[in-house]
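Here's the structure, in structure tokens; my notes come after.
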């Protein structure tokens, strides 16, 4: 008989579906905005598109798979492992995209005159391809053998069973906590996050040093340039902070699982941590809409042109300067 769904599971599924219904359209809108607005075609916004693609996949793929795992179907071990790996790939892709954005903003304020010669569209495309390739390698590492198959096989054989183990599909049952903590968190999550913090601190230092210089009659353009860079850097740093706040709780819980196996983790905290990680995919379009003028104007143009059938002002290179909403 089909497995019945409890009221708690129904609530969990409803929240996950709500997150997906916000995440997917919101990030599709980000990609659409970059496509239609020529002013959103520099390297930073290309990396933002890569981040949005990962967030669309979270809503369209990871959340449905998370719901499937929550229902707890009986599957072969490697089938469950394949279900668990996409979130690892997409998380790593998001981290590397955020790191690429941080490096890009650093280059814009450190070498503004040489920036366009250094960060070419071709190099940006190579960087994005490299980020995704590395993300697949890191996220699929459990498929190459770093998983819990040996433990599951021992339990399977102890019951007198043969063949590939059939298990109740759960993330921690197939993914090794040693992999999640020592490799995923300590190597591919925490160091990039700390590096990004240092990069943004340096970016803010360089910008404020330039803005503190005495303004002369000929210094209007540099002041305007660095003022805009400061506003955009603040917005993108906010994206980084939200990502860290959304993902660190789950990684902390993973550390507790590994280093204190006897410690009890309240299920409500586990679910809150999961909701935060999935909900992060819906946050970025909201940040862009409220903090970056070019995105806000383009979002309104798309809405008016395609959903309200009312023309909106052009959004080309002469769009107003980026500024946070009041």
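Placed from the backbone N, Cα and C atoms, the Cβ positions cover glycine too.
A quick note: this is a predicted structure, and the numbers were derived from the prediction, not measured.
Listed features, source TrEMBL:
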DOMAIN    26-288  domain 'G-protein coupled receptors family 1 profile'
TRANSMEM  12-33  transmembrane segment
TRANSMEM  45-69  transmembrane segment
TRANSMEM  75-103  transmembrane segment
TRANSMEM  124-146  transmembrane segment
TRANSMEM  181-204  transmembrane segment
TRANSMEM  232-248  transmembrane segment
TRANSMEM  268-290  transmembrane segment
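Long-range neighbours of the transmembrane segment (45-69) within the same chain, counting only residues 6 or more positions beyond its ends whose Cβ lies under 8 Å from a Cβ of the stretch, are 12-13, 16-17, 19-24, 26-28, 30-31, 34, 80, 83-84, 86-87, 90, 93-94, 97-98, 100-101, 104, 121, 124-125, 127-128, 131-132, 169-171, 274, 278, 280-282, 284-285, 288. Counting residues 6+ beyond its ends, the transmembrane segment (75-103) has Cβ neighbours under 8 Å at 44, 47-48, 50-51, 53-55, 57-58, 61-62, 65-66, 68-69, 127-128, 131-132, 134-136, 138-140, 142-143, 147, 149, 152, 164-167, 169-171, 173-175, 184, 188-189, 192-193, 195-196, 199-200, 203, 236, 239-240, 243, 247, 277 in the same chain.
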